[in-house]
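Undergrad: First the structure, then my questions, so here it is.
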Amino acid sequence: MSTNPIQPLLDVLYQGKSLSREQTAELFGALIRGEMSEAAMAGMLVALKMRGETIDEISGAADAMRAAAKPFPCPERNNNPLHNGIVDIVGTGGDGFNTINISTTAAFVAAAAGAKVAKHGNRSVSSKSGSSDLLAQFGIDLTMSPETASRCLDALNLCFLFAPHYHGGVKHAVPVRQALKTRTLFNVLGPLINPARPEFMLLGVYSPELVLPIAKVLKALGTKRAMVVHGSGLDEVALHGNTQVAELKDGDIIEYQLTPADLGVPLAQISDLEGGEPAQNALITEAILKGRGTEAHANAVAINAGCALYVCGITDSVKAGTLLALATIQSGKAFELLSQLAKVSGEALVNGQERGR
């Protein structure tokens, strides 16, 4: 008879049965603490994948990872009457398209337009250049301390939180994920475990089948308001076709579709949004933020920033949000913000504030 306390939970999964939210949190807690063998980890992830993860199981895994995360000292949420919450603009990755860095660039635009954006990101999943790869090109320190990141959020309306810096326990799963060579629950967990605990989210998913389930997970996790989107193959709001949406608002979830026309912009081709290596994508992002990007690039960023501005209540419609985002892009304010963030990041390193992290 096994003395391993998690073995009975694994046995439930191996029988094709579901775990409760609490049971899943217990399993993932063991994984994060390094108390699960790689064989058991692989068995757990495959068993969940083959049956299909439930809302409770995804929520429980997120609970465990949130609880184990390095704390993030959020700026006082109540000291500013205009500051009614933090928003994240994030995608699962894994959509298979090598696009420009839409959500990362949109984060600068939304912040310059007045949103408080704490973007949780990692290195590339589906493209040649993930959010962290891009930021490194601009000299933004990926591992700035939580205190420095919090100051950036307070002063500049924006910070970037590098996932491995806050979720050290995930390293135990890396060899297994690489060996399995298939999507697992970890592919959807990243956007759910932002240590800033954003009240608002624009969350893109790689599959249309995930849109409603992930909206239900966000509701279970206590997210105040969100749009979960899949845009004609992309984990973003689409410029090249329809976007499937599940919007969480006031505890209810409504499903609908958005077209580029609904957002006030013309249709474009997916090929117009093709990205490259980090250095090339950095030049593209810089051009967009200076108001000198191509129409398709500017519009793709604006519709995503616009939906984030709508979700956090700065505008009362996605179309109004897109118009505000386009005006912000043309003003050059978003590029000024990027320059300020890089400056603060560099000063923190020079002053030694990032030591002893």
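Residue 1 is the first one shown; counting continues down the chain.
Just so you know, glycine gets a Cβ as well, placed from its N, Cα and C.
When I checked Swiss-Prot for this same protein, it listed these features:
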| type | residues | note |
| --- | --- | --- |
| BINDING | GLY91, ASN122 | anthranilate 1 binding site |
| BINDING | GLY91, 94-95, THR99, 101-104, 119-127, SER131 | 5-phospho-alpha-D-ribose 1-diphosphate binding site |
| BINDING | SER103, GLU236 | Mg(2+) 1 binding site |
| BINDING | ARG177 | anthranilate 2 binding site |
| BINDING | ASP235, GLU236 | Mg(2+) 2 binding site |
Undergrad: Please determine which of the binding-site residues listed here (THR99, SER103, ASN122) has the lowest count of neighbouring CB atoms within 10 Å.
TA: ASN122
Undergrad: If you measure from the Cα of ASN122 (anthranilate 1 binding site), which of the binding-site residues THR99, SER103, ARG177, ASP235, GLU236 is the nearest?
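TA: Among THR99, SER103, ARG177, ASP235, GLU236, SER103.
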Undergrad: Around SER103 (5-phospho-alpha-D-ribose 1-diphosphate binding site), which of the listed binding-site residues (GLY91, ARG177, GLU236) come within 10 Å, judging by Cα atoms?
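TA: Of GLY91, ARG177, GLU236, within range: GLY91, GLU236.
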Undergrad: Go through the binding-site residues GLY91, HIS120, ARG177 and tell me which ones have a CA within 10 A of the CA of ASP235 (Mg(2+) 2 binding site).
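TA: Cα within 10 Å of ASP235 (Mg(2+) 2 binding site): GLY91.
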Undergrad: For GLY91 (anthranilate 1 binding site) and HIS120 (5-phospho-alpha-D-ribose 1-diphosphate binding site), what Cα-Cα distance in Å is obtained after rounding to a whole number?
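TA: So the Cα of HIS120 (5-phospho-alpha-D-ribose 1-diphosphate binding site) lies 10 Å away from that of GLY91 (anthranilate 1 binding site).
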Undergrad: Which of the binding-site residues THR99, HIS120, GLU236 has its Cα nearest to the Cα of ARG177 (anthranilate 2 binding site)?
TA: HIS120
Undergrad: Which whole-number value in Å describes the distance between the Cα atoms of THR99 (5-phospho-alpha-D-ribose 1-diphosphate binding site) and GLU236 (Mg(2+) 1 binding site)?
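TA: Just about 10 Å between their Cα atoms.
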Undergrad: If you count CB neighbours within 10 Å, which one among the binding-site residues HIS120, ARG177 has the smallest count?
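TA: Relative to the other binding-site residues in HIS120, ARG177, ARG177 has the fewest Cβ atoms within 10 Å.
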Undergrad: What whole-number Å value do you get for the CA-CA distance of HIS120 (5-phospho-alpha-D-ribose 1-diphosphate binding site) and GLU236 (Mg(2+) 1 binding site)?
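TA: Distance (Cα to Cα, whole Å): 15 Å.
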